[in-house]
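Visitor: Take a look at what Swiss-Prot says about it:
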BINDING   Gly42, Ala43, Ser44, Gly45, Ser46, Gly47, Lys48, Ser49  ATP binding site
DOMAIN    6-244  domain 'ABC transporter'
TRANSMEM  279-299  transmembrane segment
TRANSMEM  528-548  transmembrane segment
TRANSMEM  579-599  transmembrane segment
TRANSMEM  618-638  transmembrane segment
Amino acid sequence: MARSTIVLRGLRREYPSGEATVVALRDLDLTIEPGEMVAVMGASGSGKSTLMNILGCLDRPSSGSYQIAGRETASLDADELAALRREHFGFIFQRYHLLPELSALSNVEIPAIYAGQSRDERRDRANGLLARLGITDRASHRPNQLSGGQQQRVSIARALMNGADVILADEPTGALDRRSGDEVLRILDELHADGKTVIIVTHDASVAARAKRVIELSDGVVIADRATSTVSPAVAAPTAAAAQAQPRSRWPWQSRLDRIGEAFRMAMLAMAAHRLRTFLTMLGIIIGIASVVFIVAVGDAAKRKVLADISSLGTNTIEIFPGKDLGDVRSSKIKTLVVADARALRLQPYIDGVTPTVSTSSTLRHGPLEANALVNGVGDQYFAVKGTKLSAGRFFDADGLRDVSQDVVIDEKTRQTFFSDDPDGPIGKVLLVGRVPCRIIGVTQQQQGGFGSSQNLSVYLPYTTVQARFLGNSSLRSILVKVNDEVTTKAAELDVTRFLTLRHRVKDFVILNTDDIRKTITNTTETLTLMIAAIAVISLVVGGIGVMNIMLVSVSERVGEIGVRMAVGARRSDILQQFLIEAVMVCLIGGGLGVAVAYGLAATFNALVPMFQLGLSAGSIIAAFICSTGIGVVFGYLPARQASFLDPLAALSRD
């Protein structure tokens, strides 16, 4: 490390005080050579503390020149001044200024973290310094577990951590008893003997007498500058300890990772120190994240349920009805939609299945029981087109259509109505449909509520049977068409429209496209989900504002800590990073708890409503964590920036 000659020329420091100006230092000229031990004396208000703050780059002169190791400090920015404090100066404060959350060892290590030393390097050096100062057995103790003398020794070890060549001691014995004070002065004598430049600010003449040179101030002016001994100043040569302090060459990212690790550690300590406040801060994030994740899960489940219900109408299907359009009051009088149309459509290459449908209502009877039901006349491909499954028996086939058979397939509701107490089941039994006796050959599985389901009883007969035995005409209620997977239902709809218009010579039919219904309802579901999620996002924003508020409080509470870190060499970016990471950690942990709450809500909902199952997608969870991190960055930046722009001297003064 380059030896630091301190040169002050015409240095002046003024402070505004209302409408007046207070002059703390007046046109000071001073030179301190490397290796000197200097005492700066003066009464309260003489300017000695102001001089020490300027010498340690904690404050700037109003005018004049201050050079350290040949560098003019007036031209340096905040980070360059931090580098000077980190590399050239070691501070010993009257009030110690140790961080209460950290052990003695960790307090000593702080300057080395900002200097880029590796964890092993700084741990070894810190232990060595504590051993040299006789408090190695207190390395794991926190400041409140140490005596005043022990705390001051930790402060001295911290000042020596980076091998500083200038030690600035502000009333180092002022808060100590006589015995502890003598030990501290002995240590300062040893540092001077090692070649350090030692500058002691004191009002005690007996302390000043230990120095080789005494500078007296009064009203900001040097009134005396005298040597107390004829002994020559120590030769300013780098000592082994100083050489050891130089960090070995490391990649920049390694130093950056160390500083980030320190920031994470301090964030966790700060959060643990105020558990209730931290939890209440997280609560807004927890509620917001849980709401968003849960609502997205509900929206996805609703969409799946709707799509499953629409699938009950048949996937990739279109249905053709008589009439100019849906709801045409004259549709019942249009008799042009016939079985021949269905047979012609079946020959088209883009058609996978076609079934004519007719329907009527009738009374079902079995033994003493009777009930009204919907009688559906369908083709043999109907069940495949609709995706209907059996719980028992079989479907009728093309032979049943041709033979106008009286084989009937009943639904689950019909089975429960007429055969719930029959141990043999309904298969093979005779069911009277109106006046037509029918043999039950199959039972369909029960459909959940939704599209394609009905509270009415339903039975299925060949459409030929219904036309001949119930309706007495050949016209159809509709033709249900399943389109090949290679063809879109929209394209098939256009082709079917052209085909039937040519056959009928007029467009006297309307086509219902289930995919259009699917898209409409899906879009509606997504819109509703988005609207509800937007409301939930508001709670996230409120939570983010809470994070900002608490971080501002945290900054105001930890001004002293910020000042200490800046005094030992922390850059503005280090302070910004520390408080930003703390805000992000609060939001990330809140986000994790929010996801856990959403899981709990989903599990409870699934247990209470088994027919409507919620599932949390990985995408929504990842989005939740990204969102919570973003909230931490956005709402934590302002408090973190405020912390990083604090004046180090003002921060130390407010501790």
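Glycine residues also receive a Cβ, built from the backbone N, Cα and C atoms like all the rest.
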Visitor: Using Cβ atoms only, which residues of the same chain lie under 8 Å from Ser44 (ATP binding site) while being at least 6 residues apart in sequence?
Guide: His203
Visitor: Give me the stretch from 279-299, 579-599, 618-638 with the greatest number of Cβ pairs under 8 Å to the transmembrane segment (528-548).
Guide: 279-299
Visitor: Mind looking up the mean pLDDT for the domain 'ABC transporter' (6-244) in the predicted model?
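Guide: 87, rounded to a whole number.
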Visitor: Should anything in the same chain at least six residues away from the transmembrane segment (279-299) have a Cβ under 8 Å from its Cβ atoms, list it; otherwise answer none.
Guide: 525-526, 528-529, 532-533, 536-537, 539-547, 550, 586-587, 589-591, 593-595, 597-598, 601-602, 614-617, 620-621, 624, 627-628, 631
Visitor: Which secondary structure state does DSSP assign to Gly42 (ATP binding site), in the simple three-class scheme?
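Guide: Gly42 (ATP binding site) sits in coil per DSSP, no helix or strand.
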Visitor: Among the binding-site residues Gly42, Gly45, Gly47, which residue has its Cβ surrounded by the fewest other Cβ atoms within 10 Å?
Guide: Gly45
Visitor: Around the recorded ATP site, report the further residues of that chain (criterion: Cβ within 8 Å of the mean position of the Cβ atoms of Gly42, Ala43, Ser44, Gly45, Ser46, Gly47, Lys48, Ser49; site residues excluded), sequence-ordered.
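Guide: Output for this site, in sequence order: Thr50, His203, Leu217, Ser218.
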Visitor: Could you check what DSSP calls Ser49 (ATP binding site) once collapsed to helix, strand or coil?
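Guide: Helix, per DSSP.
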